[in-house]
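A.B. asks: Below, the features straight out of TrEMBL:
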- 425-446: region 'Disordered' (REGION)
- 533-636: domain 'Plastocyanin-like' (DOMAIN)
- 570-592: region 'Disordered' (REGION)
- 630-649: region 'Disordered' (REGION)
Amino acid sequence: MPIDRRAFLAYGAGTSLGLFVQDPFGRSRAIAGPVMGGSLRVDRVERFAMPLAVPKAMPRSGPNTYRIAARQQRQQMLPPPFGRTTLWCYGAEGHDDSFASPAATIEATRGTPIEITWINDLMTAERRFRPHLLPVDPTLHWANPGGRRDTRPTFTATPGPYRGPVPLVTHVHGMEAVEDWSDGYPEAWVLPDAVDLPEGFAPVGTWYDFFWAKSGRSDWGAGRVTYRYPNSQRPGMLWYHDHTLGLTRLNVYAGLAGLYLIRSDDPADHPRVAGDGTTAVLPAGALEIPLAITDRSFNADGSLYYPDSRRLFDGYAGPFIPASDVAPIWVPEFLGNVMVVNGRAWPRCEVEPRRYRLRVLNACNARVLILRFADPKVEVWQIGTEGGFLRAPVKLRDVLLAPAERADLIVDFSRLAPGSRVTLRNLGPDAPYKGEPDEDPAERRSTGQVMQFRVVPATGPDNTTPPARLALPPIAALPEPVRERALALVEQMAPSRKGEVPHEAALATFDPGLGRDRGVTLRHWADPVTENPAPGDTEVWAFHNLTGDAHPMHVHDVLFQVVDRRALDDETGRPEGPARPPRPEEDGWKDTVIARPGEVTRVRMRFAKAGQFVWHCHMVEHEDNEMMRPFRVGPEQPGEPQDHGAPKT
């Protein structure tokens, strides 16, 4: 279905540029204008000046254990002469050189569980808490450790940014069949074990004590928690990041993210050579390169920039509390003006004229990437997605990745001569992605460039299997679903002198038979659970996108298969027309899927573990302001918190 893209620029006196568009259903709404930047002049940053940094393996504290802390660190993200950037980084306790962003990679083996103690060490050497590097909006529904925890506070006037101790809880994104007490539930956070925690502050989130008791462990305590990961799924690339209620966008932007690789010793998990059945050879060692791609903005001194006012998003400068529902600091989406790969701005990477395996993560807050090599002689095949290998290799010109999606690529540089240079470009828009073929691509000289590959002479023959000859491990079919849940993605608008402006993203249950006007029932984070499968149930969840943006939808604790997509009727929001199968590069196990505007996207999944989990949009600004919901597998658990904002412990 073609989507109406009528748009006009609107200027307000004393405000920044805003852009208004009509969504698929004809409603005018404000979206971001140009990407948001700090005082750094991007044209003065040399492109491809720094070599690509490849994350090291995370040091272990025992055979299958880790102790990983979050600390403040300085890192050279921009090329000299720019200064180093202050970040928050994960690293192994006792290994100061392991702290970086992205963090060192956790490497696990299928079938071998590991345990990780996560430590909130956001303190000075004197154990005084560090306030946030970025502006925290205390008017959202957030962790709120200084008030009624895990609630939306009540203010009588517009407050400034929160400057207290910062809560953390870590989620391994894509981990299947993990116990709920190890999933990184947004209300199971901890504050640092600082000596100066303000009186009356809750040291832990609402669900922390319940999960501690359920875990049966003795090694939880002040500022820390220990989780157990089963690693029972097919091999693939996961990632880990902070997931604190109402703070995910800021904690991840500050640097708290890293990669998590599950490998396998089982020959059945490895590709074969089509036709002869022998084990295929994939690029490995130095030929396997992880790429965590994100966008950031900076100030001239090298510090991170993130907007401290809603005005910088769409020009809306108030009124705020108590005259409106619009949050004064939160911005609906953030797109930076510097592309960063593995923690460095616009890096370069030397490659030989041979095949490489690139494991790519879109770690952006809100930016959708469309990756393309500038030289068509570079051949790209996708062999895997979030949950492991695809059904079959797919040759691609463009690689589309929404935030949190991953792609396992075989990239062939063999047709390039030594001395060649080829840029990996980004053709995704400098605005929220609509999924339309005529969207303007990113600015060619800045966010349209990701990194550069420089070809050097080969040091030996390429003995890897050509991707066209790969027979990938089979993908099991899921059982027939016991039910289908109709869910809606919506935006709540607030009136302003510039028209309606978004004040929160949200999720809803949906009755397509009643249409979009009467069939949508908003469900906020604090509302009772409405998605409650039984352990072992297979369900289809149908995401009806009634907004003007695409949303990457993520469901915790499961991997799913994309079923199909259908257009929605402009007036009613009901599905119409033929179903479209998933794209070939989606034909595998996934944990995040793009739900385009004006469409219903259906996914099928099996719920194995009983417990409390979440599903949400992975545009983290949306996730932090009501586009996240709890779901429960199985019955309510005895003793579980009954209220968001239980008494402090």
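Including glycine, each Cβ sits where the backbone N, Cα and C put it.
Owing to the predicted nature of the structure, the values given are computational and were not obtained by experimental measurement.
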A.B. asks: Take the region 'Disordered' (570-592) and find every residue of the same chain, 6 or more past its ends, with a Cβ under 8 Å from one of its Cβ atoms.
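C.D. replies: Counting only partners 6 or more residues beyond its ends, the region 'Disordered' (570-592) has Cβ contacts under 8 Å with 1, 24-26, 173-174, 233-234, 236, 382, 384-392, 394, 396, 399-400, 402-405, 407, 475, 488, 510, 512-513, 515-517, 519-520, 544, 546, 552-555, 558-564, 598, 600, 603, 618.
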A.B. asks: With DSSP, how much of the domain 'Plastocyanin-like' (533-636) is helix, how much strand and how much coil, in residues?
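C.D. replies: Grouping H, G, I as helix and E, B as strand yields 7 helix, 55 strand, 42 coil.
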A.B. asks: Could you put numbers on the helix, strand and coil content of the region 'Disordered' (425-446), residue by residue per DSSP?
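C.D. replies: In the region 'Disordered' (425-446), the DSSP-based counts are 0 helix, 2 strand, 20 coil.
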